[in-house]
Amino acid sequence: MEPGAWGNRTAVTDFILLGLTGNVRLQPILFVVFFFAYIVTVGGNLSILAAIFVEPKLHTPMYYFLGNLSLLDIGCISVTVPPMLVCLLAHECRVPYAACISQLFFFHLLAGVDCHLLTAMAYDRYLAICQPLTYSTRMSREVQGTLVGICCTVSFINALTHTVAVSVLDFCGPNVVNHFYCDLPPLFQLSCSSIYLNGQLLFVGATFMGVVPMILISVSYAHVAAAVLRIRSTEGRKKAFSTCGSHLTVVCIFYGTGFFSYMRLGSVSASDKDKGIGILNTILSPMLNPLIYSLRNPDVQGALKRVLTGKRYPV
C-alpha cells in the first residue's frame, strides 16, 4: 500500500525491526545465546510444572499460582524470542503490520496477567502467615480460580485497549522500529498522527497494571513482616521469611525492569537502553524464576529430582 492511498488509514504494511545489533558478525553469537536462554527457560518452567504435578506436597494454593506463573513465563518468552531468532538467522527482520500488532497484544496480555498474578501470590502469603486459621477456607480452589480469572480479564482489557489504540494510529512514513520486538514506545515514535490519547492510556494502564499491584503487594508484605517479627522462635522467623523471599525476589526483578521501561512519562522515544531493559524483562526474568523458586525449597528440589530421574513419589 502506498502512503496516503487510503487517506487516514495506515499506509505502512510492515515494520523493520533493527534488533539488538546491526553487526553481522555478532548475530550468530546472539542467536546461540538466546536460543540457549529460550531452551533453558522453557525447560526450567516445564520442570517446575512437572514437579508441582507429581509432588503431593506441592498441591497447595501457593504452588497453584506458581504453576500459572510458569505457564506465563513460557508464553512471554515465546512471544518475543522465537521471532527474534528467525530475524537473527535472516540478518533482516521485516514484520507484517498485523503480526506486529498481534505480538504487541499477546505480550501485554501475558505480562499483565503476570503483574496481577504476583499480587495474588502476595495475598496468598498474607493469608497463610497472618490468617492461618481461616486460610483453607479463604483460599479455596474456587477462590484461586476466581483470582486467576480476574487477572486474565483485567489484563485482556488492558492489552485490547492498547492494541486498538495503536491500530488506529497513522503510520505513513518511516517503518524502522528501534527494538527487537513490537512494543508501544518505539511504535509511538513512528506514528505520524497524535499519540496524546495513547500516552494517557499508557499512564492509566501503567497505574492499574503496575502501581496498584505494587501497592497491594507492599501492603501484604508489610502485614507479613509485622506478623513474622512477632514470632519468638528464630527458626520460625527464618521459615516464614523463606517462603516469601523467592516471591519478593521475582517481584523486584519483574517490576524493576517494567517500571523503567514504561514509567518514563516524559519520553516515548526508543533507545538502545530500552533494548537492554527489554532483555531483562522478556528473557532474563522468565529464565531466572524457576531457579529462584527452587533454589531454597527442598520440596521443589525433591520433586524435580524425581521428575528428572523418573522415580515415583513414595506411597
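Glycine is treated like the rest: Cβ placed from N, Cα and C.
Annotated in Swiss-Prot:
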DISULFID  C100-C192  disulfide bond
CARBOHYD  N8  N-linked glycosylation site
TOPO_DOM  1-28  topological domain 'Extracellular'
TOPO_DOM  50-68  topological domain 'Cytoplasmic'
TOPO_DOM  90-97  topological domain 'Extracellular'
TOPO_DOM  119-145  topological domain 'Cytoplasmic'
TOPO_DOM  167-200  topological domain 'Extracellular'
TOPO_DOM  222-239  topological domain 'Cytoplasmic'
TOPO_DOM  261-274  topological domain 'Extracellular'
TOPO_DOM  296-315  topological domain 'Cytoplasmic'
TRANSMEM  29-49  transmembrane segment
TRANSMEM  69-89  transmembrane segment
TRANSMEM  98-118  transmembrane segment
TRANSMEM  146-166  transmembrane segment
TRANSMEM  201-221  transmembrane segment
TRANSMEM  240-260  transmembrane segment
TRANSMEM  275-295  transmembrane segment
May I have the DSSP-based helix, strand and coil counts for the residues of the topological domain 'Cytoplasmic' (119-145)?
-> 24 helix, 0 strand, 3 coil
Highest CB neighbour count within 10 A among the disulfide-bonded residues C100, C192?
-> C100
Which sequence positions outside the topological domain 'Cytoplasmic' (119-145), separated from its termini by at least 6 residues, show Cβ-Cβ distances below 8 Å to it?
-> 61-62, 64-66, 69, 151, 213, 216-217, 220-221, 223-224, 227-228, 240, 243-244, 247, 251
Could you tell me whether the transmembrane segment (98-118) and the transmembrane segment (240-260) have 3+ CB pairs under 8 A, leaving out pairs under 6 positions apart?
-> yes
Give me the stretch from 29-49, 201-221, 275-295 with the greatest number of Cβ pairs under 8 Å to the transmembrane segment (69-89).
-> 29-49
Give the helix, strand or coil assignment DSSP yields for C192 (disulfide bond).
-> coil
Under 8 Å, at least 3 Cβ pairs, sequence separation 6 or more: does that hold for the transmembrane segment (98-118) versus the transmembrane segment (146-166)?
-> yes
Residue numbers, six or more beyond the limits of the topological domain 'Cytoplasmic' (222-239), whose CB comes under 8 Å of its CB atoms | 125-126, 129-130
For C100 (disulfide bond), what is the secondary structure state per DSSP, taken as helix, strand or coil?
-> helix
Using DSSP, tally how many residues of the topological domain 'Cytoplasmic' (50-68) sit in helix, strand and coil.
-> 16 helix, 0 strand, 3 coil
Against which stretches of its own chain does the topological domain 'Cytoplasmic' (50-68) lie, if we need a Cβ under 8 Å and a gap of at least six residues from its ends?
-> 117, 120-121, 124-125, 128, 139, 144, 148, 243, 293-294, 299-300, 302-304, 306-307, 312-313
